Amino acid sequence: MASKQIMFDENARKALLNGVDKVANTVKITLGPKGRYVVLDKSTKPVVTNDGVTIAKEIELHDKFENMGAKLVKEVASKTQDNTGDGTTTATLLAQSMIREGLKNISAGANPIDVKKGIEMATENVVGYLKSKSSEVKGKEKIVQVATVSANNDEEIGNLIADAMERVGYNGVITVEDSKTMETNLDVVEGMQFDRGFVSPYMATDSEKMVCEFEDPYILITDKKINSMKQIVPVLEKVASEGRSLLIIAEDVDGDAQAALILNIIRGALRVCAVKAPGFGNERKEMLEDIAVLTGGQVISEDKGMKLEEFDDYMLGSARKVTIDNNKTIIVEGKGDKAKIKERVSLIEAQINIADVEYKKTELKKRQAKLGGGVAVIKVGAATETELKEKKMRIDDALNATKAAVEEGVVIGGGISLFRAAAILDSLKLEGDREIGVKIVQRAIEEPVRQIAENAGKEGAEVVATIRAEPRELFGYNAKKDVFEDLFEAGVIDPTKVVRSGLQNAASIAGMVLTTEALVTDFNDEKDEKAATIII
């Protein structure tokens, strides 16, 4: 085992804070409608972005102890992104403030465990306050407002997302892809989504977003388990000879078959992704038939006297595009016969009418919605590739935020919902150092307002003082217009889930850092640096 270096107590906490500050200070300049951009140096060309989690993920520090702190605050951003898809910058800022103030108090003699407990109790109270102030999202206007704010106040994006939700429903499938022109527009096409992701992360074509995207793929559908390459060699030979990609939907793909597929993917010999079939039992068979009708393929099943080894071309389906991640698969514009798709939807409708069990009716309605509901495709256009990537990131953020708003409602934006929550913590009286934890949260939840103001070129302390002096709950600073006003009336709103999740994740990581007494890592020597460049 390699020898390790260890750091204790004050020195350990100081190193962690240095790492936290380097990430948070880089990320927080992007907060608000007048936040700045950060340029990331990529291997191909620089990327310009103001997306918090994208920036945080790019930061790797030379000092290994500081890098631990950086990784912890990156975890706040990543976890918030996974939960809600937005609010990563606010979460990072909250974590930095809690960690900085907490370490200051611990250095002065406060008990770390009690401070952590105080932070947890204060966070719980603030979350309760946010939920009590949350308003349900009703109507297109509110959807436009949420999407616009999350897209860095781009009204075009806000309207596009609202239109997309109006056409496919709040829970409908909405995808984002490149446009062949400079225009950004919306199109609704036939498609389907089901809750099954790839069987191995090695199948992702984009390792940053952890998604697999194929244009014009073949689709192999079977209700059998694939555990040997021999079963699918004829299919793979056809796909490879035509230079096409392949999506495999099967009961499972494991053993030698999965290992061989991954090896060929890594070597670049095949472009293949495998997912488990959706549903269970008879429901699975019906869902596979739905996919087959949509894509113009056949379900290869021994029930029909068909075997994978006896594959024929007509058994393969296809689609214009498929997108697969860890949890779901989206098929866009299946190449199936439109008349047969309508016929299949009508058949499901007839089954709904005669179903006598409520559960069965519900499942049939879900299948009908998936097959007949369609997919909204936002096609993003821009003058340059750099602008295109940045715009797609903003649309993804806005889309995720809007879905979060539909789920848990909205609260007043501009950092005001958290700012006003500070007052309710005055009544939370705790003993000893737990009270310090409450004060740390009180200070932290004022930071977003302060930072939004500073990014807009204002004096943060003055803006905070002006808002504090005004008793109206909805009163705040609108950085976009550079005015103080009723923010709810102005349409400055945030999804409750985004604000809540960011606060909880920040408090969780802050508690871990504040109770840390030692750091253990490898020595930062030349051998480590060389190892990073070795390819095996």
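Just so you know, glycine gets a Cβ as well, placed from its N, Cα and C.
Here is what Swiss-Prot records for this protein:
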BINDING   THR30, LEU31, GLY32, PRO33, ASP86, GLY87, THR88, THR89, THR90, GLY414, ASP494  ATP binding site
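Overlay of Swiss-Prot annotations on the structure.
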residue : record           : DSSP (3 states)
THR30   : ATP binding site : helix
ASP86   : ATP binding site : coil
ASP494  : ATP binding site : strand
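Comparing Cβ neighbour counts within 10 Å across the binding-site residues ASP86, ASP494, the minimum falls on ASP494. The binding-site residues THR30, THR90 differ in how many other CB atoms lie within 10 Å of their CB, and the one with the most is THR90. Taking a C-beta cut-off of under 8 angstroms and a sequence separation of 6 or more, THR88 (ATP binding site) has the following same-chain neighbours: VAL27, ASP51, GLY52, VAL53, ALA56, VAL76, ALA77, SER78, THR80, GLN81, GLY502.
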